[in-house]
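**Student:** For 1-402, the entry in TrEMBL reads domain 'Major facilitator superfamily (MFS) profile'. Annotated transmembrane segment per TrEMBL: 21-43, 55-76, 88-119, 170-192, 221-242, 257-277, 289-306, 312-338, 350-372, 378-395, in sequence order.
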Amino acid sequence: MFKQIADTYKRSFSGLGRESWLLSAVILINRCGNMAVPFMSLYVTQSLKRPTADAGWIITLFGVGAVAGSACGGVFTDKAGFRRVQLFSLLLSGSFFLLFSIVKDFTLLCVLAVVISFFSDAFRPANFTAVAAYARPGTETRSYSLNRLASNIGWALGASLGGIISSFNYQLLFVVDGASSIIAGACIWWLLPSVKAMAEKAKKAGQVVSEAVLKPWQDKVFVYFLLVTAVFATTFSLLFRVGPLYFKTVWNMNESVIGVLMGMNGVLIALFEMVVVSHLEGRRQSRSYIVAGTAVVGMAYLMLLLPASVAVVALALSVLFFTAGEMLALPFINSFVITRSNAVNRGQYAAGYTLCWSFATVAAPAGGFWLAQHTSFHTLWLTLCILLLLCAFVYRQLFNKHLSGQ
């Protein structure tokens, strides 16, 4: 039995190219250092002794910069190449994070918040494009899952280390965050092939791309897809943004229990996503998994309507549904974006997709907390469930109407 399990994991990770593994290693390094932003509100209020409203401004400006960075990053990627954009965005965001650690003036901190998040999120469309460029034919979905695996592991390690570091020195958070970005940029420079090398590789493989290509906003199906995905991303983000407050204040759960149960998400993703994607890839059209995954995430919020007397079971079920839906939907959403684009316009398509998530980082907390405050948490969870089921329905209608023959 154990040999069968081992063989399953081996098959899931086999066939991926050297560049895909190296790129995931870069993501792991970068994400391990992503510890400053989660503790930003504590840094502003506890270390700088600024009021809570100022912390809110800083976090909001990080969101504004992220939206702008995602939009511009795609254009930069298509014009300058994904390697250059990844390299410069990592080096610049890392350098500005180092500067952030020594600045005390609030106005300058606000400016730096926008600049840092701009370059940090300009990296995302370039990285999305790089994953597709480095992936061997037929391994694109698994390559994105490997990237997500590295990102999730790095995020978990970074958050844990950030908690330890912040307990004795908040400023060191920004030093470590900035240094990890610079190291990741150096790894791209030394380890990953240039755009020219990848172009030669594609040319030898007979991959010819026409210059007469659509812009994302000219692709009607993709625009509709982005609108639905923006709603999906916003609803998706709220379990980890608003959920902990509900679990503590309404269900009266202990913080350690909340942390362990919600941490199941990252553990399950790390253990099973590559296996699940490897098993599902090619069996059916990826669009069917997007629809199913979106609906399953909706069921996760339905579990939160259960009474407080079964809070631990309810949260465990919610995380299980959430994780299952995430593993079904997100890898195949990435694949869909790839199939709608090509090497010439993939950066702008990736920008449109990452923009949905940048928008969600701004809209989700504000909208979620507002609805919970003015109605109730139960109304919020029910609304999110309905919205996700509606997203699944619209995805299905969109795919059936416009892509049934593809």
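Keep in mind that glycine also has a Cβ here, set from the backbone N, Cα and C atoms.
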**Student:** Using a Cβ cut-off under 8 Å, which residues of the same chain at least 6 positions beyond either end of the transmembrane segment (88-119) come close to it?
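**Tutor:** Same-chain residues near the transmembrane segment (88-119) but 6 or more away: 30, 36, 44, 48, 50, 54, 57-58, 61-66, 68-69, 72-73, 126, 171-175, 177-182, 184-185, 188.
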**Student:** Residues sitting near the transmembrane segment (170-192): Cβ under 8 Å, six or more positions beyond its termini, same chain?
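**Tutor:** Counting only partners 6 or more residues beyond its ends, the transmembrane segment (170-192) has Cβ contacts under 8 Å with 19, 22-23, 25-27, 29-30, 32-36, 39, 42-43, 46-47, 83, 86-88, 90-91, 93-98, 100-102, 120, 130, 134, 161-162.
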**Student:** Tell me, what is the mean pLDDT of the domain 'Major facilitator superfamily (MFS) profile' (1-402)?
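**Tutor:** Per the prediction, mean pLDDT sits at 86 for the domain 'Major facilitator superfamily (MFS) profile' (1-402).
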